[in-house]
């Protein structure tokens with residue numbers, strides 16, 4: 001869920017990010033080009049509940065026995081790490097989606 005996604009981002013970025021990215025780029029916000037972190041995350045959520053994770057020696061580790069919960073956790077983990085990898089290019093100013101020229105890719 002979005003709260004857990006925010007917690008994972010907080011673990012790797014030091015801040016609770018989901019709301020910072022709601023109007024960022026062409027993909028952030030449901031259905032919303034760069035970074036594609038949001039796009040990949042939206043596609044993943046569209047295919048999949050609460051899950052467990054931990055931070056072990058600096059890495060996020062998805063836990064639990066349910067394969068669907070692990071898959072959802074992995075969606076959040078990959079997006080959180082994508083945001084971490086792209087944090088140097090993050091611009092806090094909202095990006096007008098009208099500037100997006102490309103159509104959204106199929107998941």
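Note that Cβ sites are derived from N, Cα and C of the backbone, with glycine treated the same way.
The following features are taken from Swiss-Prot:
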DISULFID  26-100  disulfide bond
BINDING   27, 29, 31, 42  Ca(2+) binding site
DISULFID  28-38  disulfide bond
DISULFID  37-82  disulfide bond
ACT_SITE  41  active site
DISULFID  43-107  disulfide bond
DISULFID  44-75  disulfide bond
DISULFID  62-73  disulfide bond
ACT_SITE  76  active site
Among the disulfide-bonded residues 26, 62, 100, point out the residue whose Cβ has the most other Cβ atoms within 10 Å, with all shown protein chains included in the count.
26
How big is the Cα-to-Cα gap, in Å, between residue 75 (disulfide bond) and residue 41 (active site)?
6
Where does residue 76 (active site) sit in the DSSP three-state scheme?
helix
For a quick check of packing: other C-beta atoms within 10 Å of the C-beta of residue 37 (disulfide bond), how many?
24
So among the disulfide-bonded residues 28, 43, 82, 107, who's got the most Cβ atoms within 10 Å?
28
Around the C-beta of residue 73 (disulfide bond), how many further C-beta atoms are within 10 angstroms, looking at every protein chain?
24
Which residues in the same chain, at least 6 apart in sequence, have a Cβ under 8 Å from the Cβ of residue 44 (disulfide bond)?
71, 72, 74, 75, 78, 79
Going by a 10 angstroms cut-off between Cβ atoms, which of the recorded positions 42, 76 has the sparsest surroundings?
42
DSSP three-state call for residue 26 (disulfide bond): helix, strand or coil?
coil
Top Cα neighbour of residue 42 (Ca(2+) binding site) in the set of recorded positions 62, 73, 76, 82, 100:
76
Give me the long-range Cβ neighbours of residue 41 (active site): same chain, 6+ apart, Cβ under 8 Å, in sequence order.
5, 75, 76, 78, 79
